[in-house]
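Colleague: Feature list, courtesy of Swiss-Prot:
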type	residues	note
BINDING	65, 67, 156, 321	Zn(2+) 1 binding site
BINDING	156, 189, 245	Zn(2+) 2 binding site
BINDING	161, 294, 343	substrate binding site
MOD_RES	156	N6-carboxylysine
């Protein structure tokens with residue numbers, strides 16, 4: 001039986017257009033759009049009518065970087081796929097791409113199967129997977145080809161975390177060469193982990209144990225050096241490169257230079273680098289531990305380069321790197337030794353709102369908001385135009401957004417499974433009102449109407465900027 005919904009009277013915003021239009025949804029997909037008040041729009045009929053007058057109608061957010069239930073430092077990220085995808089929906093995100101992990105000594109397939117088992121039947125919204133490659137060998141390289149064919153088309157490597165996820169330059173080059181052949185996209189955590197480990201050891205020997213030292217040892221220059229090295233290795237391999245969680249002015253400069261040379265190099269940043277700084281890491285009484293993530297928060301002056309990069313398209317995507325650990329019992333593992341603080345912050349629920357606040361404050365325009373949060377990540381990870389836009393044939397992943405509502409971000413009211421908010425007390429303008437995932441209401445006028453198991457695994461095509 002056909003199910004139809006009409007969203008009437010809103011300002012439809014995509015990466016390329018803004019138009020006052022009515023949206024007809026049929027069987028989980030966008031069937032048609034027509035300018036509000038025209039005979040074509042008036043002819044839309046449906047059982048369900050959503051009044052979006054005075055509101056924005058935007059594509060559901062695509063968060064290309066989350067870590068649900070991720071093991072790290074002897075504990076696990078606090079959000080499960082159930083709680084994390086529910087929180088994402090509350091924040092206007094309707095698709096996540098999470099990271100399945102290959103453990104050293106194991107196959108990619110084992111890691112991917114484990115993540116499918118965590119997610120299947122538990123997600124409120126649609127999801128896909130990237131693959132973390134921790135152990136490059138001949139078998140792993142063959143498996144990369146198979147995964148691309150199955151719709152896992154991006155592979156993350158780490159220049160950081162020796163002994164855990166770290167790959168050396170030779171392993172990175174081999175994986176990049178394979179990606180150049182099979183169409184995959186290499187995603188890079190670009191920090192010089194070998195040098196950082198020396199600085200960590202030296203800092204602890206001096207008695208520098210507080211959370212703020214996490215930011216001091218993970219130097220911007222070591223992010224820039226690794227970014228430069230990753231770009232040149234990718235150039236040698238003839239492969240595209242996507243650098244995750246870019247935080248430093250010097251790293252943006254490396255990306256800008258590479259793109260000016262015409263290289264297929266892309267960069268992502270995250271809200272924490274745009275809105276927070278080392279001032280947070282330096283908060284007293286171990287409060288700074290809440291803000292320990294890698295790459296680390298930088299001094300405030302780095303924010304201008306990140307905003308500029310987003311405006312000039314030297315940075316193309318804003319994701320969250322959502323990897324929450326509770327302050328109580330998890331972040332506290334690092335009391336007396338900052339290197340033992342689990343690395344990661346909550347944010348999957350806040351991204352769309354914080355980026356709307358960036359529109360309010362004049363950092364970016366409305367269409368750029370949708371571009372960096374919805375359309376570009378969908379294209380980058382082979383999901384467009386099924387995801388990331390509002391157009392006939394697209395999945396009806398749609399958010400009715402109130403641009404005038406005011407809210408105060410707080411752990412008291414958020415839905416992430418973590419005991420603090422990185423943005424506690426921040427007053428912002430704009431709020432999600434209603435969320436549809438494939439036409440099904442997940443949030444209805446600020447009431448949760450979704451269910452675990454609605455979210456479907458979504459295989460991906462290869463990066464659409466390279467075809």
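Positions of Cβ are set from backbone N, Cα and C atoms, glycine also.
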Colleague: Name the one residue among 67, 156, 321 whose Cα is closest in three-dimensional space to that of residue 294 (substrate binding site); these are the binding-site residues.
Modeller: 321
Colleague: Where the distance is taken from Cα to Cα, which of the binding-site residues 161, 189, 343 turns out closest to residue 67 (Zn(2+) 1 binding site)?
Modeller: 343
Colleague: Non-local Cβ contacts of residue 156 (Zn(2+) 1 binding site) (under 8 Å, 6 or more apart, same chain)?
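Modeller: Spatial neighbours, sequence-distant, of residue 156 (Zn(2+) 1 binding site): 99, 130, 131, 132, 133, 186, 187, 188, 189, 244.
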Colleague: Measuring C-alpha to C-alpha, could you say which of the binding-site residues 65, 161, 321, 343 are within 10 Å of residue 245 (Zn(2+) 2 binding site)?
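Modeller: Matched binding-site residues: 65, 321, sequence order.
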Colleague: Look up residue 321 (Zn(2+) 1 binding site) in the DSSP assignment and reduce it to helix, strand or coil.
Modeller: coil
Colleague: Round to the nearest Å and give the CA-to-CA distance linking residue 65 (Zn(2+) 1 binding site) with residue 161 (substrate binding site).
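Modeller: Answer for this pair: 18 Å between alpha carbons.
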Colleague: What is the separation, in Å, between the Cα atoms of residue 161 (substrate binding site) and residue 321 (Zn(2+) 1 binding site)?
Modeller: 16
Colleague: Restricting to the record's substrate-binding residues (161, 294, 343), give me the longest CA-CA distance in Å as a whole number.
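Modeller: Output for substrate binders 161, 294, 343: max Cα distance 11 Å.
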Colleague: I want the residues beyond 156, 189, 245 whose C-beta is within 8 angstroms of the mean position of the Zn(2+) 2 site's C-beta atoms, in chain order.
Modeller: 65, 158, 187, 188, 190, 243, 244, 321
Colleague: With H, G and I counted as helix, E and B as strand and the rest as coil, say where DSSP puts residue 65 (Zn(2+) 1 binding site).
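Modeller: Assignment for residue 65 (Zn(2+) 1 binding site) reads strand.
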Colleague: Restricting to the chain of residue 321 (Zn(2+) 1 binding site) and a gap of 6 or more, list residues whose Cβ falls under 8 Å of its Cβ, or answer none.
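Modeller: Correct list: 65, 66, 67, 244, 245, 270, 272, 293, 344, 345, 347.
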Colleague: Near residue 343 (substrate binding site), which residues of its chain come within a Cβ-Cβ distance under 8 Å, counting only those 6 or more away in sequence?
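Modeller: Correct list: 72, 73, 292, 293, 294, 323.
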